[in-house]
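Reading through the structure tokens given below for one structure.
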Amino acid sequence: MGLERKDLTLCERSLRTILLYGGFLCLGMCFSVVGPTLQDLAFKLNTNTSNMATIYTARSGGLIIGCLIGGLLLERFHRVRVLAVSYFCSGVFTGLLPWCASLELLIGVMLLNGINMGMVDTASTVWCLDLWRVKPGPFVHALHFSFSVGTFIAPLIAEPFLIPTQITNTRAANFNETKSRNLKELLMQEYEANYYEEISYGVIGLFMAAIGIVTFAVSLVNSADPKRVPEQHHSNPKLQPWPTRLLVAAIILLVLLHFLIYGGIEIAYGQLIATYAVVLQEGMSAIYPATYSWVSGHIHVSNRIGGLFAVGTAAGEMIVPFVVGQFIEVQPRFVMDSAALCSSLMVLFFLVLFLCVNRLKS
């Protein structure tokens with residue numbers, strides 16, 4: 001095996017893998033805790049849900065920025081320590097979200113949190129591939145499974161601390177009435193003991209920050225960070241002929257487009273169409289890790305390339321839901337038509353990708 005530094009023992013790799021899984025589990029909680037508490041945040045900031053939707057755009061923009069700069073920082077600095085700092089910062093910003101006193105401040109914190117989440121997303125999958133170089137597939141699948149577990153746990157943590165629905169419903173029904181402010185104050189006094197969503201955000205942020213501290217400590221004890229080198233994947237790209245280099249570039253572009261459509265389908269239709277959201281996620285949950293590990297067996301997936309893959313997913317999560325949201329009220333059938341179109345495009349991109357990979361193998 002070609003290593004940049006000394007190799008790790010099985011125990012050391014296992015410890016780092018557990019930290020990766022813990023970090024991705026917390027990442028899933030940080031992602032999903034905003035959804036069930038959105039009405040509470042809107043109620044606290046005295047705004048409506050439509051205005052609150054801008055925080056998702058801010059987070060998606062932060063994800064794209066984090067994926068782009070993350071790929072560069074991870075190549076330049078010690079990857080494990082950059083990941084540890086990103087864990088810690090993401091935990092801090094998650095804990096700060098319910099303390100924001102204005103929508104503008106909340107948008108800013110969501111943007112910064114998205115940047116750190118993007119760096120975590122970029123670094124984690126590539127690091128998992130490097131830790132288990134021979135057969136990384138099962139470990140990458142388990143990594144994304146831990147993210148799914150986090151998205152399942154977060155609403156359970158948030159539920160006991162949500163504002164009672166009679167408060168938020170009254171607030172929504174009387175948004176433009178002067179008496180709603182006095183009514184809100186009376187209801188808040190009655191249910192003051194239940195109004196602590198800061199606790200749920202704090203618990204999740206604390207777990208994430210703790211993972212960051214432990215990861216940083218592990219990197220100080222043993223700074224080894226073995227990485228795959230291009231020689232393990234055919235040959236050094238700089239020594240390859242132009243046709244081969246163009247083929248590799250085409251594969252990277254196709255994977256990016258494939259993940260863009262995948263991210264859009266996962267977020268837009270998995271959340272907009274509740275009737276088959278569970279079935280949709282069951283069918284799509286393996287696509288991202290399976291494609292990632294399969295492609296990594298044929299080309300060298302560096303931190304920069306991993307960042308590009310994450311950028312594609314984040315862009316899809318931002319663009320596709322926005323486009324669908326513009327037409328869903330005017331033409332409800334647009335949802336199904338666009339879902340069929342996106343699914344067809346994803347299949348088409350994968351077929352072309354499959355042909356390119358086979359051509360590269362030959």
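Placement of Cβ uses the backbone N, Cα and C atoms for every residue, glycine included.
In TrEMBL, annotation is done automatically, which means it is predicted and not curated.
Computed from a predicted structure; not experimentally measured.
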Original post:
In TrEMBL, which of 81-99, 100-118 is labelled transmembrane segment?
Top reply: 81-99
Original post:
Do at least three CB pairs under 8 A connect the transmembrane segment (55-74) and the transmembrane segment (81-99), leaving out pairs fewer than 6 apart in sequence?
Top reply: yes
Subject >> Contact between the transmembrane segment (139-158) and the transmembrane segment (199-221) (at least 3 Cβ pairs under 8 Å, separation 6+) >> reply: yes
Subject >> Dominant neighbour of the transmembrane segment (55-74) in 18-35, 199-221, 242-261, 307-328, by Cβ pairs under 8 Å >> reply: 307-328
Original post:
Near the transmembrane segment (242-261), which residues from the same chain, at least 6 beyond its ends, have a CB less than 8 A from one of its CBs?
Top reply: 234, 288, 291, 295, 298-299, 305, 308-313, 315-316, 319-320, 342, 345-346, 349-350, 352-353, 356-357, 359-360
Subject >> Criterion met for the transmembrane segment (307-328) and the transmembrane segment (334-357) (at least three Cβ pairs under 8 Å) >> reply: yes
